[in-house]
């Protein structure tokens, strides 16, 4: 996308509309040799709001300049920042952020195939990263850590140790994502300077830092995901947008800390080449502006009324939000939204930490399945059936379960012995040739001549009893026993597939454990049963 641009032109595009750049010369040197690698990270806390269009518009610039762009969903950071995201909701929040950020990018015409999306805990729990956290903690003073997080981490009277770790982890992300530059809001500046100071002490390269301005919230302060009154949510309905804008701080002639005016400057103008003030003909009629300075000048001179400014912003904003709202009308994304951000009242009568728990026994959702990692302790042929194996499988309970599987034609006893498998554990026990089977080994299969079958593979390092879940359905409580007449598994099984990347999925949502994805070795596109 940036092949026709010179290094200087790429630099201008990368740095336009930024408030500050640290390490400009490093950027210029890299651009003379190759494309720039940059990342933008977001802690998965409260719901993303309209100010997120500021970094989205810059990501569009980076791609136009030929940059390799990584978007980091910083789930661990969301927990470290005074537990703004509870541990049991982290996976759901990541999934929500991924869907809504992608919807935002699509709404402004950014191609998703040019972006790389990464979840923080995919690498931040590794041995190497953890060791670097300890190494860094032996160098960074409490003063420096507290100072670095002052404008990002929630400030409390007695700060938690987690908040002091936060800036150092963000610094390490630059190394582990293998980028040349980190992009973020100017409120991240102290974390960026901490990274520049300490990464070289670990033997790592100093990175450049790109900072966009912060958009004031509707109350005149920083727009914040965790402060409802300060921001407009991306899924707010038209009437909610109108109501919030009506309450917004916007004094006649006052251009300081004016969240509505700032939104025009930092969001609408970078995305569009013009902005239209809509007003009654008796007050001059509609007026088209092609640069922000003219809007600011007319507002300061009170030639633009706050009511007309708000009404015009409302119209432009709803055009941006409409495709995002439409995408989130799907049942799956509605369910994801309510699960990732449960209403406080919904938790009162249920089990703490289970926002998905429901009294509706007829709702067919994957959290009703009790799927676990199991380890095959012993395997032998069924005494009365040549096509069946009789296995003892440890699923993390006091005693191993007896399982009968029709796998003789597809896998040898030696291959099954001591193997980790994935089991459905809450089917009603069923006798197979006289022996009761207490679970089912889940396998991928492809029909044909010959039929191909492979047991699913848990992530490396898994242990017997590890829970397996579908992304977006982590918090539900499995049925004690699936009632055969309800055919819950049969209904869900229709949408259980192996993806093109050999990942087990339900309706394109990954089957996971706490350590990663459930996979199979070779049966791309296979069914799961």
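Quick reminder: no glycine exception, Cβ is built from N, Cα and C everywhere.
These figures come from a predicted structure and were not determined experimentally.
Feature motif ''HIGH' region', per Swiss-Prot, maps to range 44-52 of the set 35-43, 44-52, 53-61. The feature motif 'Nuclear localization signal', as given by Swiss-Prot for the ranges 236-241, 242-247, 248-253, 254-259, sits at 242-247.
Here Swiss-Prot gives region 'Disordered' for one range in the set 307-334, 335-362, 363-390, 391-418: that range is 335-362. In Swiss-Prot, the motif ''KMSKS' region' annotation falls on 222-226 of the listed ranges 222-226, 227-231, 262-266. Taking DSSP states H, G and I as helix and E and B as strand, the motif 'Nuclear localization signal' (242-247) has 6 helix, 0 strand, 0 coil. According to DSSP, the secondary structure content of the domain 'tRNA-binding' (365-469) in residues is 7 helix, 52 strand, 46 coil. In terms of local Cβ density within 10 Å, 170 ranks first among the binding-site residues 170, 188. Less than 8 angstroms from the CB of residue 166 (L-tyrosine binding site) sit 77, 80, 81, 149, 152, 153, each of them six or more residues away in the same chain. Mean model confidence for the motif ''HIGH' region' (44-52) is a pLDDT of 89.
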